[in-house]
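**Student:** Handing you this structure, nothing more for now.
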Amino acid sequence: MHDHEPRPMSASQSDALSGRARVPGDKSISHRALMFGGLAAGETRITGLLEGEDVLRTGEAMKAMGAKIEKRGDEWIAIGTGNGALLEPKEPLDFGNAGTGVRLTMGLVGSYDMTTRFIGDASLSKRPMGRVLDPLKEMGLQVVSAEPGDRLPITLRGPKHAAPISYRVPMPSAQVKSAVLLAALNTPGVTTVIEPVATRDHTEKMLAGFGASLEVETDADGVRHIRIEGQPTLTGQTIAVPGDPSSAAFPLVAALIVPGSDVVIENMLMNPTRTGLVTTLIEMGANIEILDRRNEGGEDVADLRVRGSELKGVTVPEDRAPSMIDEYPVLAVAACFAEGDTLMQGLEELRVKESDRLSAVADGLKANGVDCEEGEATLRVTGRPGGKGLGGGMVKTHLDHRIAMSFLVMGLASEKPVTIDDQAMIATSFPDFTALMTRLGAKLD
Ligand SMILES: O=C(O)C1=C[C@@H](OP(=O)(O)O)[C@@H](O)[C@H](O)C1
Ligand SMILES: C=C(OP(=O)(O)O)C(=O)O
């Protein structure tokens, strides 16, 4: 969605929300399912895939490099090229709004002796790519061209023979970790990624499932050492994608802040690298019951029964950030309705997401009457239980889906409506958001 007419949307104070909601498939797992399925020999069958724009772009990129990917009934089928056998794409790969898509694919092709050009929308073109290019350059990658600050459009040329490296990831980033692990798939020898702060582990778990030989060791300081053997044979798998906790966060917080609500969110991924928001909300006094915890396809999932709750402010420690990194905007909204102050720490990575989320959130809160304070890497929000006096503002979304959805949730419990300047980006991660929220009783128009 490169150029479009902005489509504003408003959310108004709603009566108690109720019903059951099945949120879409996890975005991180969906990207990886299409990538690894498009790479592995034979057939990969995927159910529950997120059909958001970000993920569909990854599918198109894999097709441009030789994979066959199509939807048959409820299933997505990928026939991979075989590991090491991707083809040079004829056209630039357009990743739209998707950081995960572009950064993981740079890793995937970074060890191939071919030229690949990457482009994206205005938001993606502002995001730093140096964090993945740095380790890939150590493996032999050449950056043929890039915009200043290692920004898109970028053209890459892989080496004739990539070299394995040992790389310590300098910031908590699953995308950087994953880019190096994916480059290792076409590199002889053992590549090691050292991860001082644990981030989502989908790449490790899923690659092992496709047949890669991968060892993870956590040392006495909690530092993870991930060793992967190069050039494995990868074979097609059957994957059931669980519900995305980052999408579930919206109906979840909505049910907590709209008084009297009672909502069940079905089939949510409970991988501990992803559940920091639930931990935080429970500390704030949220009434969340975790029902029918079960294992499906190697991941824990559960249903969550969520009821309207009286929340209180808390301090969210820095070390929890990786497990809830995309959920801070909607946590800030929950904090608006809590008694007292909520202080969020360790937020520097929020500045390099689809927007500078720290300032986008602070600006949106202020426009809607919330007392808050933005620090370099912190946000303090003073709550107003009942939402009296809140709302009435227009929020700039800066091409950021999470800012859009978070502020629509805010409007459901504020005295006056909250309006966002553009709803278009919601389709990148949660195409069914408006319909699902409306079914629960949310007033959106
Ligand atoms: O690996 C992934 O699937 C993701 C990693 C995170 O990004 P960073 O690695 O940049 O923190 C997260 O914000 C993004 O939505 C998805
Ligand atoms: C940061 C996000 O995604 P990405 O980095 O893939 O654009 C997100 O979905 O909140």
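Here the Cβ of each residue, glycine as well, is placed from N, Cα and C on the backbone.
Residues annotated as region 'Disordered' in TrEMBL: 1-24. Taken from TrEMBL, the feature domain 'Enolpyruvate transferase' applies to 13-434. Per TrEMBL, phosphoenolpyruvate binding site is recorded for Lys27, Gly99, Arg127, Gln175, Arg357, Arg402. Taken from TrEMBL, the feature 3-phosphoshikimate binding site covers Lys27, Ser28, Arg32, Ser173, Gln175, Asp326, Lys353. According to TrEMBL, the feature active site, proton acceptor maps to Asp326.
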**Student:** Count the Cβ atoms, other than its own, that fall within 10 Å of the Cβ of Lys353 (3-phosphoshikimate binding site), considering every protein chain shown.
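**Tutor:** Counting Cβ neighbours of Lys353 (3-phosphoshikimate binding site) within 10 Å gives 21.
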**Student:** The domain 'Enolpyruvate transferase' (13-434): mean pLDDT?
**Tutor:** 98
**Student:** Compute the C-alpha separation of Arg402 (phosphoenolpyruvate binding site) from Asp326 (3-phosphoshikimate binding site), stating it in Å without decimals.
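**Tutor:** A Cα-Cα distance of 8 Å.
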**Student:** Does any of Ser28, Arg127, Ser173, Asp326, Lys353 have a Cβ within less than 6 Å of an atom of ligand 2? These are the binding-site residues; tell me which, or none.
**Tutor:** Asp326, Lys353
**Student:** Looking at the binding-site residues listed here (Ser28, Ser173, Lys353), whose Cα lies nearest to that of Arg127 (phosphoenolpyruvate binding site)?
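**Tutor:** Result for Arg127 (phosphoenolpyruvate binding site): the nearest of the binding-site residues is Lys353.
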**Student:** Would you say which of the binding-site residues Lys27, Arg32, Arg127, Arg357, Arg402 has the most Cβ atoms within 10 Å of its own Cβ?
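**Tutor:** That would be Arg402, with the most Cβ atoms nearby.
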**Student:** Relative to the Cβ position of Gln175 (phosphoenolpyruvate binding site), how many further Cβ atoms are located within 10 Å?
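**Tutor:** Excluding its own Cβ, Gln175 (phosphoenolpyruvate binding site) sees 22 Cβ atoms within 10 Å.
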**Student:** Cα within 10 Å of Lys353 (3-phosphoshikimate binding site): which of the binding-site residues Lys27, Gly99, Gln175 qualify?
**Tutor:** Gly99
**Student:** Which whole number of Å gives the largest C-alpha distance between any two of Lys27, Gly99, Arg127, Gln175, Arg357, Arg402, the residues noted as binding phosphoenolpyruvate?
**Tutor:** 19
**Student:** How many Å lie between the Cα of Asp326 (3-phosphoshikimate binding site) and the Cα of Lys27 (phosphoenolpyruvate binding site)?
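**Tutor:** Per the Cα atoms, Asp326 (3-phosphoshikimate binding site) and Lys27 (phosphoenolpyruvate binding site) stand 11 Å apart.
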